[in-house]
């Protein structure tokens, strides 16, 4: 770990891929293949770019990958990957045959923003601004698409993620709520009232937990889709566990994560990432007035089984840092390093490498009693515009970043 810390401490801008913004526009998302051999770039226009990250050579441009902005890319394995777009579709691609799509998936009715993949069931999971989370059965994929079903719906949906073991689904919203589906079962579609709801609350101190536990559920402004019968009843909210010693499958928790300086103003959770070992979640939050942005780390609290009188509190704020308030209106995608010891965060015209302490310790080895500042390890600047996304290589000591003017920069150690 000391060697890796030394490598990242010596990291510098290595190569930049400057391409004309006339063709592809801003860089919205970056994704490495699992073996680190390919770097894919999702662009503001209709293009997807592919590079060799070691030589920085351009491999291929998918010039008409979609009919609108390409928002996200997700590899299913070392050769298959999926892209999603504002044209409401998802496309599957094979690195061995990039001239044509494997298939195009239709099911969303608005911009598709996020793709996840359950390696256990081989189910593709997507979410969009239509508020829907849709499951796609890639086991039965044909040229005409894949069988699919709507799994979940919520208002104001921004991002959706699966934990590494696929036991939980997290959903962030533009209204400041964070939804967590526990003991996840993707084979069961969730209709209104079909899932147990754990009491909505704010993730704050232990004294707040005690007081909020007796204050009753929060119905007004809840992002969960309601039927015409009105807010969900107390009876529904306090439904006991269906299995002794464990919460029911797909039990829903509604949280309002604590954000420094935002107690009375509300915030929008724009970016959501998971620790590679499933220990924590990483959020980028902006105030509703767009005058502040924060990066926050929340530790998962796996406590006693859910009881009717004791709501679950899954997350605790452990670390945070204020971000540069530039590029208002654009979402900045941040990420954990492969070992989970560092965070790469867009910061103005560059990126910052952040650690939980000055020694880049494991999160579990430096958990504070109260929320502490993230430590800045390095700042790297090589762009001439606002950086929107950054990504660690899964196999090499390399970081990629992309900005609003369409430039992709690579960083690696220099001695």
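From the backbone N, Cα and C atoms, a Cβ is placed for every residue, glycine too.
Those TrEMBL annotations? Automatic predictions, nothing curated.
Annotated repeat 'WD' per TrEMBL: 63-96, 105-137, in sequence order. Look at TrEMBL and you will find 203-262 tagged as region 'Disordered'. Per TrEMBL, the feature compositional bias 'Low complexity' maps to 203-215.
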Check: If you run through the repeat 'WD' (63-96) with DSSP, how many residues end up as helix, strand and coil?
Finding: 0 helix, 18 strand, 16 coil
Checklist line | Tally of DSSP helical, extended and coil residues in the repeat 'WD' (105-137) | finding: 0 helix, 21 strand, 12 coil
Check: Along the repeat 'WD' (105-137), what average pLDDT does this model show?
Finding: 94
